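Residues or ranges marked as active site in TrEMBL: Asp100. The annotation active site, proton acceptor is assigned in TrEMBL to Glu166. Among the features that TrEMBL reports, Mn(2+) 2 binding site is placed at His98, Asp132, Asp197. For Asp132, Glu167, His447, the entry in TrEMBL reads Mn(2+) 1 binding site. The substrate binding site annotation in TrEMBL covers Asp197, His230, Thr332, Arg345, Ser419, His447. Per TrEMBL, the feature domain 'Peptidase M20 dimerisation' maps to 210-368. Taken from TrEMBL, the feature site 'Important for catalytic activity' covers His230.
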Amino acid sequence: MAAPIEFLQFVDDNADAFIQRLSDAVAIPSISGDASHRGDVVKMAEWLNDHLKAVGVETQLVDLGKHVMDGEELNLPPAILGRIGNDPKKKTVLVYGHFDVQPANKSDGWDTDPFTLTIHEDGRLIGRGSSDDKGPVLGWLNILQYHFQSNKELPVNLRCCFEGMEESGSEGLDDLVKKESQPGGWFDGVDCVCISDNYWLNTRTPALTYGLRGLAYFKLTVSGPGRDLHSGVFGRTVHEPMTDLVTLMSKLVDGQGNILVPGIDEMVEPPTESEKAIYERLDYSIADVEQSAGGQIAISSNKVDVLMGRMRYASLSLHGIEGAFSGVGAKTVIPAKVAGKFSIRLVPPQTPELVEPLVKAYLEAEFAKLNSKNKFSIESLHGGKPWLADVNHWNFEAAKAATRAVYHQEPDLTREGGSIPVTLTFAESLGVNVLLLPMGRGDDGAHSTNEKLDRSNFIEGTKLLGTYLYEVAVIQ
Ligand SMILES: C[C@H](N)C(=O)N[C@@H](Cc1c[nH]cn1)C(=O)O
Ligand SMILES: [Zn+2]
Ligand SMILES: [Zn+2]
C-alpha cells in the first residue's frame with residue numbers, strides 16, 4: 001500500500017516547521033557522557049515525551065535507576081515508552097531511537113555553535129544530534145503529527161522506545177527491554193522492529209542495514225607520583241606514568257589497523273569469495289571514504305578491503321588520555337596519573353565477554369615487561385555484542401519497497417561499523433526481525449565536528465519512514 005499522497009504533501013508543506021522543531025531539539029545539549037549535562041538529558045526526555053503526547057501517543061517515562069560515571073553516582077535519564085493503536089488486524093511495529101548526543105564544543109573545531117541548528121544555504125542542517133539521532137527520532141514524530149492532525153489511523157500499531165543513554169552504553173535499557181518483551185509487557189505482540197540511527201554508505205544511495213559491530217570500551221590507568229612533577233627536577237629520576245601508558249597504547253594496534261592483542265583478529269573467519277562479491281557490488285569508492293573523512297587517508301586503495309575494515313572485521317581505536325597535559329603552550333609537567341581510553345569494535349563471533357580477558361591479560365603482561373614501579377589498572381567501561389539480521393525477511397522487503405517509492409532507487413544493503421547495543425536485545429527478547437533504516441548520509445559527520453543532516457534527507461527520510469509503515473501494513 002503506497003503512503004497516502006496527503007501524507008507526502010503534508011511533509012513537504014510542513015518542512016520548515018519540522019526543521020524548527022529539530023532546531024528546538026538540538027538546542028537542548030543532552031550529552032549523556034557528561035555528568036554536568038545530565039539535567040539536559042532529562043529535559044530532552046520531557047520535551048520528547050510532551051511532543052509525543054501532543055500527537056496522541058500514550059507514553060510512560062521509565063525510571064532506569066542509578067549508575068556511576070567517573071566516580072559519581074547519577075540518576076539515569078528516563079526511557080520513553082510509547083504506544084498508539086491496538087488493532088489485532090494490524091501488524092505491530094516497534095521503533096527505537098535515542099535522544100542523547102555526543103559531547104560537542106565550538107573549540108573542538110565547529111564552525112558554528114553546535115547546539116544552535118545552523119541552516120546552510122546548500123540545505124545542510126548543522127548541529128550536534130541533527131543526524132545522530134534527533135533528526136530520525138523527529139522523523140517518527142512528523143509522521144505521527146500528520147496522522148493526528150488529519151484524524152487518520154496509522155496503518156500499523158506503533159510502539160516506541162526512546163532512550164537517553166545510547167552514546168554511553170545504554171545502561172539500564174536491556175533489563176527494561178527484556179521485561180517489556182514478556183507476555184503482557186509494553187512490547188507484547190510486536191511483529192518487527194525498525195531503528196533509524198545510522199547512515200547511508202555514501203551521499204547518493206539510500207541503504208538498509210543488516211549488521212552492527214559490537215563494542216568493548218577500556219580505560220587503562222597508570223599512576224605513580226603523589227602529585228604532578230616538574231620534569232626538570234624529576235625527569236630521568238622517576239618512572240613516568242605517561243611514558244608507560246604511551247608504550248602500552250602503542251602495542252594495541254598497528255598502522256594498518258591490525259589488532260595486536262593476540263587472539264582477537266584470529267577469532268574472525270576469513271571472508272569467502274562470494275562474501276567479497278557483496279562488498280564489491282556496493283556503491284562505494286575510495287573517494288567516498290576520503291570525502292566523508294575529510295582527508296586522503298584511506299588505509300587501502302582497494303574498495304573491498306576498506307569496506308570490510310568497516311563492516312566485516314574488528315577495529316581498535318585509541319580515543320584519548322585523561323589527565324595528560326592537553327592545553328595550549330609548553331607546560332613542562334610530568335602528570336601523576338593518566339588514563340588511556342580505547343575501544344574495540346566487535347564482529348561475530350566476538351563478544352565483550354570473550355575479548356575483555358584477552359585484552360586485560362595482554363596488557364598486564366606488557367606492563368610487567370616494562371619493569372616499572374608505577375601502578376597499573378585496566379577496567380571495562382561498557383560493551384555491547386555485534387548483531388546480524390536476515391535480509392530475506394518481509395521487514396526488509398517493506399523497507400525496500402518504501403525506498404523505491406520515495407527515492408526511486410534500489411537501496412544498498414550494508415553492515416554498519418558503529419554499535420547500537422540494544423539491537424541484539426530486541427532481536428533476542430522479542431524473537432522478531434530487526435531492520436536499520438537510516439535517514440542520514442555517509443558524510444553527516446556523526447560524533448564529529450559540524451555534524452549535519454541534509455534538509456532533503458530529513459524531509460524525504462520522514463516520507464521514507466512513513467511509507468515503510470504503510471508497506472509493512474500490506475506485506476505478506
Ligand atoms: C550508530 C549509532 N548512531 C552510534 O553512534 N552508536 C554509538 C554507540 C556508543 C557506544 N559507546 C559510545 N557510543 C557508537 O557506535 O559509537
Ligand atoms: Zn546514534
Ligand atoms: Zn552516536
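The first residue you see is number 1, and the count goes up from there.
Yeah, the Cβs are placed from backbone N, Cα and C, and that goes for glycine too.
A TrEMBL annotation is a machine prediction, not a hand-curated record.
The two recorded residues Thr332 (substrate binding site) and His447 (Mn(2+) 1 binding site) have their Cα atoms spaced 32 Å from each other. A Cβ distance below 6 Å to any atom of ligand 1 is met, among the binding-site residues Glu167, His230, Arg345, Ser419, by Glu167, Ser419. It is His98 that, of the binding-site residues His98, Arg345, His447, has its Cβ surrounded by the most other Cβ atoms within 10 Å.
Ranking the recorded positions Asp100, Asp132, His447 by the distance of their Cα atoms from the Cα of Glu166 (active site, proton acceptor) places Asp100 first. Cα separation, Arg345 (substrate binding site) to Glu167 (Mn(2+) 1 binding site), rounded: 14 Å. Note on the recorded positions Asp100, Glu167, Asp197: the fewest other CB atoms within 10 A surround the CB of Glu167.
Around Asp132 (Mn(2+) 2 binding site), taking its Cβ as the centre, 28 other Cβ atoms fall within 10 Å, counting all chains. Taken in sequence order, the binding-site residues Asp132, Glu167, Asp197, Arg345 that lie near ligand 2, meaning a CB under 6 Å from one of its atoms, are Asp132, Asp197. If you take the CA of His447 (Mn(2+) 1 binding site) and look 10 A around it, the recorded positions you hit from His98, Asp100, Asp132, Asp197, His230, Ser419 are Asp132. In the three-state DSSP reading, Asp197 (Mn(2+) 2 binding site) counts as coil. According to its DSSP assignment, His230 (substrate binding site) is in a strand.
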